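Under the heading S-adenosyl-L-methionine binding site, TrEMBL lists CYS200, ALA201, ALA202, PRO203, GLY204, ASN205, LYS206, ASP224, ASP251, ASP271. Positions annotated as coiled coil by TrEMBL: 59-86. The compositional bias 'Basic residues' feature in TrEMBL is assigned to 441-452. Marked as region 'Disordered' by TrEMBL: 416-452.
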Amino acid sequence: VRPLYALVSQTLRFAPVLEKLLAGSALLRVEKKLSPHLAKVLVYDLLFGNGLRSGGRWKARVRQHRARLEAELARMKVQQKVSRNEDLLGPSLSSAAPQVPRYVRVNTLKTCVDDVVDFFKRQGYSYLGKATSMQDLRGLAGKKFLLDLHLPELLVFPPQTDFHDNLLYTSGHIILQDKASCLPAFLLDPAAGSHVIDACAAPGNKTSHLAAILKNKGQIFAFDVDTKRMATMNTLLTRAGVTAFQLAQQDFLTVDPSDPKYRRVAYILLDPSCSGSGNMQGCSRALAARTLANGGSPTGMVTRALQEAAASAQRLQVLATFLHKALSHALSFPALRRLVYSTCSVHQEENEDVVQAVLQESGSAFRLVHAFPSWPCRGLPAFPGAECCLRASPADTLTQGFFTAVLERCEEGAAAPRKKLQVAAEENPQLREGTEPGAAPKKRKRKKKHVK
């Protein structure tokens, strides 16, 4: 699905160029039954994409015109005095928004970072070591890759690097997961042997990340309401080598916190359905598919994108009410020590406002943890302490738009982050500037019992 949407999105981006190619080559005059919109997709894939790996019965017909199309493309480059296909777009279209790198999470249930790095090096990639700044990530190009500067098991490749057919991906040794999406499990950091709930789990990337952190020791209870998504998640988790999990096709809001099955649940990852306003890549793909199918223009696509991105106040209120219920429900599990709340939304109504309201309701039972002090993008100043939250965006963090908050129970015994974050602080001096979340509670000295 992803390669298909990427193909459609790029076809729309190159639409002005493709229209000139079709006109100059007279392809549609020869192939009168070929739809102009399908022709654009096929010609883009043939000349700029993967060499026309798809296209059904029209694939062979369009290939017959390859020489004519390539000649027309060469003529256009000479006419515009450019050498690259990208330059045909002109400055207004070629200078697009920041491109998000390809992030690859190493699945430590099956392999380790060093072995994956060696594998890619044997495939002709050049390893540049650990990144030291965001600028290192922005400068990636060609077959070069880095170890991420924030997350210890995340490799970073240039944008649009495709690993869907790579052996490491098909065997579950690597997970293709956006960096921001890796934050929730990383910050929850459950101890091996713990019982964890992944409240809205499908498609399962965060669940597999939790399992890797747990080293398959303990138990993960994963919930989702959609049958197809559950089936997809089961396949993904099996491929990733996850064993300590139970799937339940159930609305998390209907899960009974007093059920004995969950009496040992100390950690919850809550990443509920939201507006998805931060996932601009996904939004643009879906919009591109609809626009192309309806014969729309690139200008119309941009206009509709702006209209659809601006979620109505009424819809946001409905979503905020649901998210409030979900977070309140999660905090009602009696043994809960630590919770991570995350969304792929950029709206304050779904993020800081929900956290503030639920914390006010909980009184002194839970506190907001100042998570990951070195993370460059913090929560909006909606309430005192909102800077404890994390935000992410394509411009600031080279990720999808994302929000994360870490909550801990205030009473004695609250879960503390483990050695992993301490090691990260040692390796990254920036982490020493602030206090890591949830310092371990001091142990009380037990009074010795005198035996009479």
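Here the Cβ of each residue, glycine as well, is placed from N, Cα and C on the backbone.
TrEMBL does not curate its annotations; it predicts them automatically.
Give me the local environment of each listed feature.
The average per-residue pLDDT of the prediction over the coiled coil (59-86) is 86, rounded to a whole number.
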Per residue, counting other C-beta atoms within 10 angstroms of the C-beta, which of the binding-site residues CYS200, ALA202 reaches the highest number?
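For the binding-site residues CYS200, ALA202, the Cβ with the most other Cβ atoms within 10 Å is ALA202.
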Using the residues the record lists for S-adenosyl-L-methionine (CYS200, ALA201, ALA202, PRO203, GLY204, ASN205, LYS206, ASP224, ASP251, ASP271), what whole-number Å value is the largest Cα to Cα distance?
19
Which of these binding-site residues has the least crowded Cβ, counting other Cβ atoms within 10 Å: GLY204, LYS206, ASP251?
ASP251
